[in-house]
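If you look up TrEMBL, you'll see 6-389 marked as domain 'Glycoside hydrolase family 42 N-terminal'. Residues annotated as region 'Disordered' in TrEMBL: 275-295. Among the features that TrEMBL reports, compositional bias 'Basic and acidic residues' is placed at 275-289. The annotation domain 'Beta-galactosidase trimerisation' is assigned in TrEMBL to 397-600. According to TrEMBL, the feature domain 'Beta-galactosidase C-terminal' maps to 609-655.
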Amino acid sequence: MTVGVCYFPEHWPRERWERDVEQMAEAGFSYVRMAEFSWSRIEPEPGEIELSWLEEAVSLIGDHGMEAVLCTPTATPPKWLVDKEPGILQEEPDGTTRQYGSRRHYCFNSPEYREQTRRIVSVMAERFADNPHVAGWQTDNEYGCHETIRCWCDDCAAAFREWLSDAYGDVESLNEAWGTTFWSQHLRSFDEVDPPRHTAAEHHPSRLLDYYRFSAESAVDYNAIHTELLREANDDWFVAHNFMGDFDSCDVYRFADDLDLITWDSYPTGFAQDRRPGAASADELRAGDPDQVGMNHDLYRGAKQQPFWVMEQQPGDVNWPPYAPQPGEGAMRLWAHHAVAHGADEVLYFRWRRCREGQEQYHAGLRKQDGSPDRGYRDADRTATELAELDLDPVDADVAVLHDYDNLWATSIQPHAPDWEYWTHMRQYYAALRARSVQADVVHPDWDLSGYDAIVAPALHLVDEELAGALESRVEDGAELLLTVRSGAKDTSNKLPDVPAPGPLADLVGATVDQHESVPEQLDRRVSYDGETYGYRTFAEWLAPDGATAVGSHVGGVGDGRAAVTEHEFGAGHVTYCGVWPESGLADAVVADMLERADVPHSERLPTGVRATQRDGYTWVTNFTSDPVAVTVPDDARWLVGGETVGAFDAAVYEGAAADLSLDQR
Ligand code: GLA
């Protein structure tokens, strides 16, 4: 397990490169990523290719025992290209053009840009095809960053019509699938379909969902230009992309087959501020939320059910969140350990040195702008040494958490409550698993679920007979399944089935949904479960058991006494349906009962911010809080890093099982 860094030689005088690369090697780095934003440096004039500088940087890296990861430079087309082909630019729903001057200024469906991409990727791939120091490539950079997966330009309009024709065959099938009689939206031909541009009221939910699907697949289609050319040049290279945290519009599962390696970019203190409801706590401002970061690790591991990389690890203070606090002392080391525990094989810090120019001057590097070591460098150096001793097998998770962007999109199109948010709902159950020191793969429902003893399916909203059948067979074989609110409420066209929710899941659940409601804090939001009373939030259902046993009931409110949680024996397994969005106490109780039934090893419930994560017989104790924590481990456990007192923003590693850990109540 090693550490690396993202480097921009083009930002620095050539005479500085040798010392930079020496210092990277001294810190024990293995990989150096370069070139993602270098098109105007690679091709300063149309047709004038300058790659010798990049070849020199690659050689320096190779000469110091490290390997280069190069990037195709298409995230930032040069100004001469935009002036030559202004049609490559994207448009907003109201027709506003997303102009040149920042980044990601191109449309995935622009024929002209696809041609320019083929040209520049071919030139780079051929140039480095026989270079022994290039280990692999990252395609472009963070597809969709700055909300650029979706575009409403005329190229997208034409491509959407073609996509619909391929998907539905004839326009009557489209009318039937969407339900276009409503509000006089019947279509006579695919030519009548436009992108969902600016309207007075909300769009048709089925049309919007298909537009989100089309947009995500446009990025996948564009990415295939890169992967095909890179593999033609040298099929020994790995081809990767760097995805983002809690990101809605870019569907990693749709990319999975065409990438050898999934990587993502982890900025914990930023994510805690800009993509979670509610204010970040003081500790989260210093180290982030381990379950928010952990769920992304497990999503990008689950996307291909194999190890992943963190291609960009936060190195210190970052410029883009609302606030830019200095991370806690040791946080940069904590994050790298946490990533490896969750299955990362490599962690590269973004960036080597704070940049003196451009939009990211207020973004730290491992070195300061004068080249002197910054806080992150010392953490990275120490972590590289600690991890170098480890050669770990992949994570072997007992539990799967099902995640599907189509469900995210459909429930965000009709949230039915201002505080409905798919990631947050999902994370309520994920955090309950993690608080019990259970590893979970976050996987698409269509992935192979045969290896999991327990399956958690948060808001499994769009369900067809095929998915219901696959889950039935897993439960019949003995798996434990936990379904949550809004599961089975829609078909895959985002229409209500002609039976009550949970639709095709009804036999499995042994109950149907009699009523649903979204509930603000002014209303009664309590349920009884296993002799205790718990709170819930946002969304609730009144269940009508039909074979299942009601194990939880609404307390108070209009639904007083109605079933809220049901349990149903099905074949050799059981299905729990939790018909409320549980507060953490109820989520823990329901999850713990499922783990007991599934016989999945788990620890006592750990406090917020303290997590135990097992990989290949080793357990990481990670403390994302500012208070040291004392743990007790089995007598035969061997400490590799640290010991039983885990300091603030610290990580410790022992050889032993996570489930055997307990907090020392000394
Ligand atoms: C993303 C991008 C990088 C940089 C960082 C800043 O991860 O990939 O180019 O902008 O954010 O944190």
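Glycine residues also receive a Cβ, built from the backbone N, Cα and C atoms like all the rest.
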*Note the mean pLDDT of the domain 'Beta-galactosidase C-terminal' (609-655), expressed as a whole number.*
97
*Sort the residues of the domain 'Beta-galactosidase C-terminal' (609-655) into helix, strand and coil with DSSP and give the three counts.*
0 helix, 28 strand, 19 coil
*How many of the residues that make up the region 'Disordered' (275-295) does DSSP mark as helix, as strand and as coil?*
12 helix, 0 strand, 9 coil
